[in-house]
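Asker: Annotated active site, proton donor per TrEMBL: LYS205, in sequence order. Look at TrEMBL and you will find LEU10, GLY11, MET12, GLY13, THR14, VAL15, GLY16, THR17 tagged as NADP(+) binding site. Sequence annotations record features per position, and here TrEMBL assigns NADPH binding site to LYS105. Taken from TrEMBL, the feature L-homoserine binding site covers GLU190. Taken from TrEMBL, the feature domain 'ACT' applies to 350-430.
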Amino acid sequence: MRKTITIGLLGMGTVGTSVVKILTENANDISQKVGIPVNIKKIMVRQLDKTRNIDVDAEFTTTIDDIINDPDIDIIVEVMGGMNPTKDYIVQALVAGKHVVTANKDVVAKHGQDIFEAADKSKVDFLFEASVAGGIPIIRPLKQCLAANKISEVMGIINGTTNYMLSKMANEGLDFNSVLAEAQAKGYAEADPTADVGGFDAARKIAILASIAFGSRVSIDDVYVEGITTISTEDITYAKELGYVIKLLAIAKDDERGIDVRVHPAFIPAKHPLASVHDVFNAIYIKGDAVGETMFYGRGAGGMPTASAVVSDIIDVARNITHNANSRILCTCYSQKSFCPVQNTESPYYIRLLVADKPGVLAAIAGAFGAQQVSLHSVIQKRKVNNSSELVLITYQVSDANLRLAINTISGMSVVNKVSNVIRVEAEDFA
C-alpha cells in the first residue's frame, strides 16, 4: 500500500513559497484529508544559492529532468508562470505520466487543448483551479456543481489591479495616473502594467471560464478587449450621478447569436451585486437555467489565496491516487460553437461629448444618432469646458456597429469639438 504522495514543485516565488507554507503548516490536516502524507521531494528554481525566507525539507535543482524523470514524484506543481518553457514542461510531465497542477492562466488560455489531450492520452490529472481568480473556487464549480445547468452568462471582475484603481478613483476622486502609481507602489501593478490596465489579464481568464461554461473552445484571440486607460474622473463622477459604477468587466454570453466574449470597462447599476466589489477583490456572477443567478466572491490574487487553490487541487489529485480513483474531468469543450462578432453585440451606451455652445446643437446630434437607429434615453448638460458645453448621453439598446457609425458621423460634425468617451452600459434593461 502506498505510504506517501510525493510532489515536485516548479518555482519558488511568491506563490511557490506560499504553497510550501500551506503544505508544511497544515501537513497533519492535509494528511487526514488525503489518507496519507503529502510531501515535497524536489523544487526546481533558477538559482540554487538564493536566500529563501522559508525552510523546506526538499532537494533543490535547476533541471526539469531531475523532477520529471524521478519515479517517486507523483504530482508536478507548476507555479513558475510565463509561457515558455513552462508549457513544454507541463506537456513533458503529462507525457511522462505525472499528474500536473498549475496556476498558469497564460498557458491554459493559449494551449489548453494541447495540454488536455496530453493529459487524456496519459490518463493523468491536469488541474488548474488557481489559474482564474486566485483563491475563489470557480473552475471546479463550473465543471461539477453547476454541471446540470445550461450557463447563459458569466460576468465578472477578475483583475484585482484594475478594480483597485477604479475603486480609488471613485472613492477618492483621484485620476488614472495617480492611482496607477499608487497601485505600483503597493505591488498591485507591475512596472509595465499593460496586461492589467489593457484588459489582457482578464481576457485570458474569461477565455478559460467561457470554454468551461459553454462547452466550446474559446481562445484569447476570440476575446474582444478594451482597457481602462481612457477612464477619467469625469466619467466616474457622471456614473455616480446617474446611479452607476464603472468596472472593468469580463463578459461571456451564449445565445442564439453565438458566443460573445468581451473585456471592457462598463457602467453597471449601483444596485447590481458586482457594483459592491471593491479594491483588489474579485467576483464572478453566473446565470444558469436551473440555479438562476449566483456569484462567487473573494481575493483574486496574492500568494496565499492563489496557493490555497493550488493546494486544493493537490489534495484532489492525491485523493485520486490514494484511492486508485479515476475522477478526471479534463476538457469540457465538447463542440466548437460559432462566435458573435463584437459589431453584432448590443447594449446601451454612455457617450460624453464637448460641443459648440449655441442653439440647435442637441437637435443636430440627436438627428445624427437617429439616422443610425440610435435612440437616446437621457441627456445631461451641466458644465462648460473652456468654450464648449459638455453633453452626456445615455442610449437605449443599440448594436455596436450602429453606435460606431453614429460616432463616426458625429465626430465629423462642425458643432462637435470632441468625443471624450464612449462606454458600454451592462446589466441594464431600459423600458
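Each residue, glycine too, has its Cβ placed from N, Cα and C.
Whatever TrEMBL says is automated annotation, not expert-curated.
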Asker: What other residues of this chain sit with their CB within 8 A of the center of the CB atoms of LEU10, GLY11, MET12, GLY13, THR14, VAL15, GLY16, THR17, the recorded NADP(+) site?
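Answerer: The surrounding set, listed in chain order, is LEU9, SER18, VAL19, VAL79, MET80.
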Asker: Could you state the CA-to-CA distance between GLY11 (NADP(+) binding site) and LYS105 (NADPH binding site) to the nearest Å?
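Answerer: Cα-Cα, rounded: 15 Å.
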Asker: Could you give me the DSSP helix, strand and coil counts for the domain 'ACT' (350-430)?
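Answerer: Taking each residue of the domain 'ACT' (350-430) in turn, the totals are 22 helix, 37 strand, 22 coil.
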Asker: Using DSSP, would you call the residue listed as 'active site, proton donor' helix, strand or coil?
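Answerer: In three-state terms, the residue listed as 'active site, proton donor' counts as helix.
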Asker: With Cβ-Cβ distance below 8 Å and at least 6 positions apart along the chain, what are the contacts of THR17 (NADP(+) binding site)? List them in sequence order.
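Answerer: Listed in sequence order, they are ARG52, ASN53, ILE54, GLY303.
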Asker: Within 10 Å of the Cβ of the residue listed as 'L-homoserine binding site', how many other Cβ atoms can be counted across all chains shown?
Answerer: 14
Asker: Given the model, what does the mean pLDDT over the domain 'ACT' (350-430) come out as?
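Answerer: A mean pLDDT of 94 is what the predicted model shows over the domain 'ACT' (350-430).
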